[in-house]
Amino acid sequence: MKSRIKPTPLLYALAFLVPALLLLVVYARLGLAPWGDNTILMSDMSSQYVEFFCALKHGDVFFSWSKALGTSYIGVFSYYVSSPLSLLTLLVPNEYMPMGLMFLTVLKVGLAGLTCCIFLRSYLRRSALFLPMLSTCYALCSYTAAYSLCIMWLDGLIWLPIILLGLERILAGRRPWLFFGSLVVCFVSTWYISYIIGIFCCVWLVYREWCEATGWKDLLRHVRSFLLSALAALGVTAWMWIPSLLSIFSGKLGDTTMDYSSLTNFPLWQLPSRLFSGQSAGLTNSALPYLFCGTVILMLALVFFFYPAISGRNKLAALAVLVVLVLSLWLSPLDKVWHLFQMPNWFPYRYSFVFSFFLVVLAGQVLAALPKSFTTWKLAPVVTLVLFCLTAWELGYNTQTTMLDIREVFHCQSYADYVSYYQENETLVEQAQDADTDFYRMGATYDRGDNSPLSFGYAGITHYSSIYNKQVNTFLKQLGFAQGWMWSVYYGSTPVTDSLLGIRYVLSDQEFPGYEEAGHSGSLTLWENPDALPLAYVSQGQVSTILPRGYTPFETQTYLLNQLTGSTQEVFSSIDLEVQESEGQITLRIHGTGSPVYAYLDQNGFTALSVDGEYRCSLTPYEEQRIHYLGTPAVGETLEVTIACNTTLSNLDWNALVQQLDQDALSDALSLLDNTQVDTVTNSRVSLQATADTSSTLVTTIPAEDGWTAYVDGKKVDTGVCWDTFLTVELTPGTHQVTFRYTSPGLTLGLGLGGITVVAFVGWLVWKRKKA
């Protein structure tokens, strides 16, 4: 298998092209565009990632008004799209982004094969055809097939071999530049998987020192170089990961309620089956790990422990690594360590690719240790090529089977539907942007995913990611919006919430009473809210710092409005209705008054909603446990509402859950708050003029996150919080210029650490040069 020449370029080309082309063939067989109408838009790839890549064109990094009313964005940016490879999507029009992400996935898989081949060639000191075969097994392991939907994690597969190659150079007594540089790029590309790689680097260091029987002096030198390089890489990238961690701790990492219910994740006897092809495991937390990376790899890894040419010390060290990895998969506490001490929300065992990588390394050591008589055998290249082809077929088959199984569960979105949706929405968004150049928010009642504001670049409410603001989500839930754990959506709005939150435009295929039609595209209409308030307004009454619990959403909205206006006006009121309960359903007959009627339906027993015999929606998803607009029945008309139930529900106060809105009273109340002029709104600055007749509170709808500072007439002032959610500033009587500035929390510290690291590094270089 050893050629007389060193065909390194050919080996590297095969290492990249074979897994990339295999994946392309699989995508073509699955009918993905441009070979069909299917896409990779399944699960979180559909509801999150494709929108984040579209958002790259809008330039948000540290803050975005498109994320849940306007919150920190660095966590989303660094977790999902900070890879340098993501910049390639800037060349792809957003309406074609599903196809762009498919080709980006192919590119990343090919690069994973290339970097693995580079590592194996250096580590095994061989240039042979089996190298691209091994690297293809790594690049197309089951982890890739299943978790390619989480495209940002694939960067970890690319950089793991290069980082370990850099570590190997440290162990060989060479300089740590490759280790340091690859860590820096990996931190920037995917800091989450970098954490996993960091743990495995520690395991690899122990493994290699054990294999080499390193003396204490050399061991300490290696550990010192390893730690200093890692710390330097952390220092240089601190400007990103410190703000990112602070942002994430406000959301998922700050949620301490999640825990494992048992010591083990699964019966240990089930684990060996995961090493074979065609074993689908699912993506939920109850799924088993994806470990398959080729039958040839499994067989060679078993041979490794019985092959005489491999030392007993090496075998014992490798066995120890496998035991550590198996225990990590099996035992919940160890598994949690690999996941930043958190239970993952689906896609479990996110580190299982290192298991596949280690098996590939063991298989490579067996092939590298084959006797010279085999390597000089004339048929050796033919045997290797046949084995390579069989392995490639097996990997392609496993990838296709895994992806088909996942598609059976999640179903992919049609490419034609995505393009049509994007084009229709983009037309209306552009119409709104052309009509109004000042700051406003928008909502949509038919979002394809849960991050449409980010995708189209407008300020909005809807957002779903692991980096969420818990208080904003809680606030929106109390107002009657659809909200569940990590996500919140615009569904559940009323003219009260739209006006107070500055929702000036709504994209909808439904009627919006009291709103004006401002545009039309296909089946969609752009509605304009004439009473939408600006980003800040001077309160006419006393606003509380906390938002009382136990109110219905209608009571909560009235509470906010009355605090702002200093009145006791009831804009919502009960309406004359009849309730008829029967087995499996509740019927409401609502006698119209000419006012819009809304119902708050959040009971788990509700299953479906119909109005006047027309089916509206299912009530079982979280998205539908919210306020629903029922209609605007005229005086003398009766609205018949049917709510299907799967359980008996009694003692419900329908007079509190079904309310009508007094639109005239609402308009009068909102007119009292038209007392500011917003001049400038950017991702780092808000400037406005506000007039106060008396000592008053300037209430904003800017979420009160760390990083905001306020200035009144050029002087820095303290900020407050109202309703546990929004920034406020106290004003004296008169007209004032108010400015809010945003700096991402941790950015200054991160830049400082980066500067110190660079200075220390330069100083060390100068010292080394003088010493030499």
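A Cβ is built for glycine as well, from the same backbone N, Cα and C atoms used for every other residue.
Check TrEMBL against the ranges 8-25, 314-331 and you find transmembrane segment recorded for 314-331.
Two recorded stretches are said to be in contact when at least 3 C-beta pairs lie under 8 angstroms, sequence spacing 6 or more; the transmembrane segment (140-165) and the transmembrane segment (747-767) fall short of this definition.
Comparing 177-206, 226-249, 287-307, 351-370, 377-397 for CB pairs under 8 angstroms to the transmembrane segment (747-767), the maximum falls on 226-249. A contact links the transmembrane segment (177-206) to the transmembrane segment (351-370), because at least 3 Cβ pairs that are 6 or more residues apart lie under 8 A. The list of residues near the transmembrane segment (287-307) in space but at least 6 beyond its ends in sequence, with Cβ under 8 angstroms from a Cβ of it, reads 133-134, 137-138, 140-143, 145-147, 266, 270-271, 273-277, 279, 281, 315, 318-319, 329, 348-349, 352, 355-356, 359-360, 362-363, 365-367, 369, 387, 390-391, 394-395, 398, 402. Long-range contacts of the transmembrane segment (377-397) within the same chain, counting only residues at least 6 positions beyond its ends with a Cβ under 8 Å from a Cβ of the stretch, are 1, 18-19, 22, 25-26, 128-130, 132-133, 136-137, 140, 277-278, 294-296.
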